[in-house]
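The region 'Disordered' annotation in TrEMBL covers 1-22. Look at TrEMBL and you will find His33, Asp36, His168 tagged as Zn(2+) binding site.
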Amino acid sequence: MSDLPQLPDQSEDSVGAGADDLPPRRLLLVHAHPDDESIGNGATMARYAAEGARVTLVTCTLGEEGEVIPPELAHLTADRDDTLGEHRIGELAAAMKELGVTDHRFLGGPGRYRDSGMMGVASNDRPGCFWQADPDEAAAHLVAVVREVRPQVLVTYDENGGYGHPDHIQAHRVAMRGRELAADPAFRPDLGAAWDIPKVYWNCMPRSVLEAGFAALRAAGREIPFPGIASADDVPGVVDDSLVTAAVDGSAYAGRKAAAMAAHATQIAVDGPFFALSNDLGQPMPAMEYYRLVHGTSGAAAGWEGDLFAGLDLFAGLEEAR
Ligand SMILES: [Zn+2]
């Protein structure tokens with residue numbers, strides 16, 4: 001990339017060929033199922049991709065245990081054809097096209113870890129499901145990605161996975177453990193040179209913003225096609241405003257986010273600035289997306305950061321990693 005400073009040629013024993021192609025800003029997101037990324041970070045991903053950042057999405061499962069909204073696709077579910085996972089690979093690809101994100105991967109490859117289903121159901125115990133995975137073994141797959149793309153920013157869920165879904169909790173564990181292991185030069189040198197991600201954020205939704213969104217939904221009244229309205233309990237990562245540290249304004253990319261969410265047609269029904277999951281309860285679709293900085297230093301002099309890369313030396317570490 002022309003923006004990069006002159007760096008020495010890669011030596012023969014260096015790993016992660018492609019370092020020459022790394023742009024100055026690199027964002028890694030770790031999510032549980034196809035659709036979580038568009039709902040939680042769609043505007044952020046579209047904005048940074050449009051601005052030339054490398055946006056890498058790692059999705060941990062194919063979402064095989066999901067419900068299906070369109071009746072004509074109802075046969076895909078786990079209790080019938082059990083082909084929803086393959087179908088959702090296509091939905092995710094279409095969503096990433098809408099967001100302009102070209103680097104999206106499944107942890108360990110597609111189908112390596114199966115969707116565990118909601119907490120407390122029998123599929124939690126199924127061998128091969130993500131909930132049954134050894135976090136260290138799963139994290140090693142992420143270490144390879146971290147050392148290849150050398151992100152400065154990692155985005156994932158809080159320790160409760162935002163709302164207690166086993167795959168979201170496990171995605172949190174794998175993301176946090178993966179960051180730690182990737183930074184340890186003694187861990188699996190065959191996976192590439194150590195890389196210490198300087199900033200880690202957890203997704204969140206400030207309570208006041210959510211309440212305003214629900215008020216807008218109620219005000220829209222009968223104009224919205226959903227039979228009911230969700231509550232704060234249905235929304236992942238709701239926190240007191242005081243815990244929020246960053247807000248990324250993706251207003252210019254609201255349409256892209258809506259299109260990406262609509263691409264996950266088995267999971268999401270989109271209507272204007274609102275959407276519903278398979279429970280048919282309306283939710284607001286904010287183009288402003290919120291984060292909690294849990295590792296690293298805020299780049300904002302005061303108040304919330306507006307840019308997840310704020311305060312970073314964008315070229316730090318690139319030479320040592322080569
Ligand atoms: Zn999910």
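Backbone N, Cα and C atoms are what each Cβ position is placed from, and that goes for glycine too.
Any TrEMBL annotation is an automated prediction that lacks curation.
Location within the structure of each feature annotated in TrEMBL.
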residue: His33; record: Zn(2+) binding site; Cβ neighbours (10 Å): 26
residue: Asp36; record: Zn(2+) binding site; Cβ neighbours (10 Å): 27
residue: His168; record: Zn(2+) binding site; Cβ neighbours (10 Å): 27
* Asked: According to DSSP, does His168 (Zn(2+) binding site) fall in a helix, a strand, or coil?
  -> helix
